[in-house]
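Student: The structure's right below; bear with me while I get my questions together.
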Amino acid sequence: MTKILLASASALVLGTAASAQVVGFSQIGSESGWRAAETTVTQQEAEARGIDLQFSDAQQKQENQIAAVRSFVAQGVDAILLAPVVATGWDAVLEEAKEAEIPVVLLDRMVDSDPSLYLTAVGSDLVHEGEVAGQWLAEQVGEEPCRVVELQGTTGSSPAIDRAQGFRNGIEGHANIEIVQSQTGDFTRAQGKTVMEAFLQAENGGADICALYAHNDDMAVGAIQAIKEAGLKPGEDILVVSIDAVPDIFQAMAAGEANATVELTPNMAGPAFDALQAYWDNGTEPEKFIQTESKLYTQADDPQGEYDRRKGLGY
Amino acid sequence: MNGTGLLRRVAPQLLTLAAVLALVTVFFPSFLSVGLSGDRLVGSPIDVLKRGAPVALLAIGMTLVIATRGIDLSVGAIMAICGASAAFAVDQGWSLGVAVLLALGAGLLCGLWNGFLVAVLGIQPIVATLILMVAGRGIAQLITEGQILTFSDAGFAFLGSGAVLGLPVPAWAWILAGIVVGLVVRRTALGLLIESVGVNLRASRLAGVNSTVLLLTVYMISGLCAALAGLIVTGDIRGADANNAGLWLELDAILAVAIGGTSLLGGRFSILASLIGAMIIQSINTGILLAGFPPEFNLVIKAILVLLILMLQSPRLGDVAAGLLARRRRADETGAAPRPVQEAGR
């Protein structure tokens, strides 16, 4: 009897040990609230799937990331998640992982290496995010003439370039929608507010502005305050659409002061783990790029509930 | 300094400000119009007074520090620390008074630290304040735990975006701070002592000036001004953004002092001229936003305008211009006398 119990117990231990996959995750660092949320969600997703996640914070340094990946290879993990801080210089370490037959999945950012060196990359399409925002506005205003002011991201950054292009694609063919002012707000609240004040002055105290498009939510939150201080109602007098879906914009939407946001999901790990599971189970090679959904949230999508769900993620 | 002396001192800055305002008005005709919305004044000039507040406040402290032949690179980071402390306090449910005192105390403490490194340990000011410039943002991030710490305290928000008698609170803050500090340094011997330390530290010390206390004082005033600026920017966006609050503003403050004509080598200073310098910088910033150029041009336009202003104020160029004027006058008086000489030279 004791023998049987012991045997079954050891089988149980062996069983769990065999099924618990070990995945190494090399994160860039905690550069922004979004990235903190990405880390939290990755840990949650791993826990939900019973995956043992080895987390390594690179503090924005590539050499730390390369060292982390090497140590994951040495440990013989089952897979590596990598959010690369820069695009270049990964060939050698990715080849080492390939030789050790450890699949590498890139999260959020791309590398310049040969696609055969990694299993797949999970990321969002920045142009598509802008398109979703533009299409929402085009639908919203219909045939009414609409003068749009745009708060751009940091000049020259890829999100600023792509989200600007995407929005223009989204409103293409709608001659009634015109971007009349466009300036950089550096992705910050304070600059968003400052630049919006100038826009309001330039556009007849804001009376000529029909909508605001901000490249991220933080700038929109700042701009909303500027609109309120100018005596106008954000969300009604001036429509507000932005990108990222951070908790504070849902608070603004719940108060009726913002209209829509396009989500840059922090859940890059979910699709990555799904792809890895299929690969482990029967060797299925996923597509080389898995695009995450750019989901549109409006005031009708329970903004208060979304705020409550997100505020604990570390944004 | 009496009234006309003061006016003569700030005349170049006033003329520059007028020129910048005129230039912006060319690109944006309604720039100078001010209206009334409810009980508060609105318009671009009011925006300039309000948005220029952080740099103007920093410039007050920076002027005194620079007059002692020092420099304070840490003021932007001190803004972030003080804003974060105050936001932390109201987030904890403490009263606004406690939050403000905490922020001002943090500013004084940061100033004391800088002053200690400079005055007691004798570390060069640019290196001494660089330490807090780098570490300060980290401290602020520790306070906010790396997030934008938001709050909804109406009183705190009032500090950043409220209005008294039609004028925004931030504008009141720098105007009143300028008057108070200006009176204190000019109605007492303090200003003279600061200048003497800046001109020759050893001679002042031998003459009996307590330079250690004086240096500690100016860095603490600078820290206090930074604390006020930090409270304003934090109240303005109802959140403490440790990464971005006051970022690079120390450089704008130094620029304001330079445009104000105070030498970076220390000595004579004018707070009023520095404040006008701050308004010149803000007019350029606001003007660029209003003029509707693509954002890629912002920094280049600002740099060119600042270069022009500094060139116009350059003593050497002034000498050359004066020389040319004198030569032309001489030429007018003596007929075409110089010309044949030139032709003969060819």
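Positions of Cβ are set from backbone N, Cα and C atoms, glycine also.
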Student: According to TrEMBL, which listed range is transmembrane segment: B:52-71, B:72-91?
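Tutor: Residues B:52-71 are the ones TrEMBL records as transmembrane segment.
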Student: Can you tell me which of B:52-71, B:171-194, B:206-233, B:245-265, B:272-293 gets the most C-beta pairs within less than 8 Å of the transmembrane segment (B:12-32)?
Tutor: B:272-293
Student: With Cβ-Cβ distances below 8 Å as the criterion, list the same-chain residues six or more beyond the ends of the transmembrane segment (B:299-318) that contact it, or say none.
Tutor: 12, 16, 20, 23, 255, 258-259, 261, 280-281, 284-285, 288, 293
Student: Do any residues, 6 or more residues outside the transmembrane segment (B:272-293), come within under 8 Å Cβ-to-Cβ of it, and if so which ones?
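Tutor: Beyond its ends, the transmembrane segment (B:272-293) has Cβ neighbours at 6, 9-10, 13-14, 16-17, 20-21, 23-24, 27-28, 31, 44, 47-49, 51-52, 55-56, 59-60, 62-63, 174, 178, 182, 252-253, 255-262, 301-302, 305-306, 309.
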Student: Six or more residues beyond either end and a Cβ under 8 Å away: which residues meet both conditions relative to the transmembrane segment (B:171-194)?
Tutor: 1, 46, 49-50, 52-53, 56-57, 60, 64, 67-68, 164, 204, 209, 214, 218, 221, 225, 228, 232, 269, 271-272, 275, 278
